[in-house]
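Asks: Handing you a structure now.
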């Protein structure tokens, strides 16, 4: 660019003179109504021939050629500078990696050496080498980079390298706490309404956002021996997909989110928000880092409960107990099921029954003993009426599961390399591993620091009709306690609710101000042949009206998924070749 400026300074006077002569010639020529006069006055430069027109054309060509040459030179120079810049940045990046590696592997220099280097710095670096060839003129930076990479870094160099590394964003216009289904649904909704939005998800899990239902359903029925690594499964309709909502390429690096021109969604994994300053609109992470925000969503989900008798039983018992919730729990239980002789599942709800059927089917191949115990009279005894609960229990038994009904755990101990479970009625069960599937506790750790209200009856953060807990703070998913216009205040722990509430919270964070009145559905599958789907409050203590219909081959969860590709929002029990029981809990839905 400097060369172009110098060329222009030399050519500018000539161009102005030529332009002035051209204007004078036009005025003197007396152009009128686009007609050429019969007699053209003579006007010429002092050094040119008579007439002047040829000289003007020559000077115009000269100026045009100079201008085109200058532009061409500028473009070539800029491309060269850009190329050298990229090479320079690559060199600097490799230098930092080499320097960091050297710092980790080489012992620190003695204090005397450091002091001597400080007293006489760069003595050898300044003196030219007598034997080495001089570096090329066009590559002085590359030569310097090589010398700097070969030399050990001082403390100042280490500090400079650390400062130049991309830092995590200190501000996020949209901050989402929690990396589950509700959080991802909110991020997608925010980006749909605000395409340039910058969304930061902070999660204490090491994984990107993923769906939880397959952890207790389809993943256990996969034929892939490496399913715990790929986390890919086949839906009941045969279509294969990943447990993750989006691949890593979908997300923006957290370090680059602030500078992302078109915005994006970044995920900060393995970090936990431990404190909220709602007045200052900022949060503090477990490493004392602070992030400010404009709008914030709390979607922290829940923590699986455990039995107090297990928590008090000692380290050996706790070490042999799984509370099932995350990807790591699935991987751990899969490994245990392949390397142990007996597993006992405590809990007869949706999760406990799903895991019992999944492990029971595996027991036919490996000889694994699967035991399921619960205090109710049958599987899902708190949800289904007694006759359907008994029917479900028989289905679970056919999968190879030993079911122990009306079992209340009194104590758990570790004796002779076995876990010993004593029940209150005197029965004793010996097993190698325990899976506690006894419910979920909403994660409300931030309630105290944020000054948020926790519902005393249902747990979770109390929110208004727009899922807002306080100014600039929304809550979605399992952790939200909302007001249902049909069923009153309640809290729901199901996938569909997480999706819809997260989506609505995201819309409201962008200014939609929509109320939440969705009646979420939920489902449970005991393998590919028996499925449950429901809407509203499902409780076996409520009066039940049952409607029965003949089943067909299209009434299994597998066939229904193949036909529709999605789940219907109704409650039914499907048995492949025999009967289809369809019933509505009329009293709980509120339509009568």
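Residue positions begin at 1 at the first shown residue.
Even glycines carry a Cβ here, placed using N, Cα and C.
Heads up, TrEMBL stuff is auto-annotated, nobody curated it.
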Asks: Among 66-93, 94-121, 122-149, 150-177, where does TrEMBL put the label region 'Disordered'?
Replies: 122-149
Asks: Quick one: sort out which of 39-58, 59-78, 179-198 is the transmembrane segment according to TrEMBL.
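Replies: Checking TrEMBL against the ranges 39-58, 59-78, 179-198, the transmembrane segment one is 59-78.
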Asks: Within the domain 'Mitochondrial apoptosis-inducing factor C-terminal' (505-567), what mean pLDDT does the predicted structure show?
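Replies: On average, pLDDT over the domain 'Mitochondrial apoptosis-inducing factor C-terminal' (505-567) sits at 83.
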